[in-house]
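According to Swiss-Prot, the protein carries these features:
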BINDING   76, 77, 78, 79, 98  substrate binding site
BINDING   99  divalent metal cation binding site
């Protein structure tokens, strides 16, 4: 597992990276994570999140535009454990998570706005692999995202940690 330090990446690639507005907190078992972006756009319905974490996620980060909802949790312990089992590097969720005491022990990165105990509906509503914009940045499928306790950054191409 690669360790990322976003301040070092920002120093090394200042003209390449975009930095998200500082509104995310780390809820996962990994202090840092990064990888190729897979996007989901959904609102209080995590059907597509459930589908994607069942797939091979090696080298990938699931970026979920949940509309910033603070009323439902788009990720909980069961889906986080599936994501870890299937090799996902992490998830960046513009929305809430739950089961935070379990998430912090799960080997997957999770950045989200807050915790909320209520689960979502599963109506099969949402879009996969579309450009999504939140926190002042547009995420495009196939680009790259890196996260740690300092923040979250996006790059059009993969970044290497400076030596």
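Glycine is treated like the rest: Cβ placed from N, Cα and C.
Sequence features annotated in Swiss-Prot and their locations in the structure.
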residue: 76; record: substrate binding site; contacts (Cβ under 8 Å, 6+ apart): 97, 98, 99, 103, 119
residue: 77; record: substrate binding site; contacts (Cβ under 8 Å, 6+ apart): 98, 99, 102, 103, 106
residue: 78; record: substrate binding site; contacts (Cβ under 8 Å, 6+ apart): none
residue: 79; record: substrate binding site; contacts (Cβ under 8 Å, 6+ apart): 46, 49, 50, 53
| note | Fewest C-beta neighbours within 10 angstroms among the binding-site residues 98, 99 belongs to 99
| field | Maximum Cα-Cα separation in Å among residues 76, 77, 78, 79, 98, which the record lists as binding substrate | value | 11
| note | According to DSSP, the residue listed as 'divalent metal cation binding site' sits in coil
| Inside 8 A of the center formed by the CB atoms of 76, 77, 78, 79, 98, which other residues of the chain have their CB, for the recorded substrate site? | 73, 75, 80, 81, 97, 99, 102, 103, 119
| said: Under DSSP, is residue 79 (substrate binding site) part of a helix or a strand, or is it coil? | reply: helix
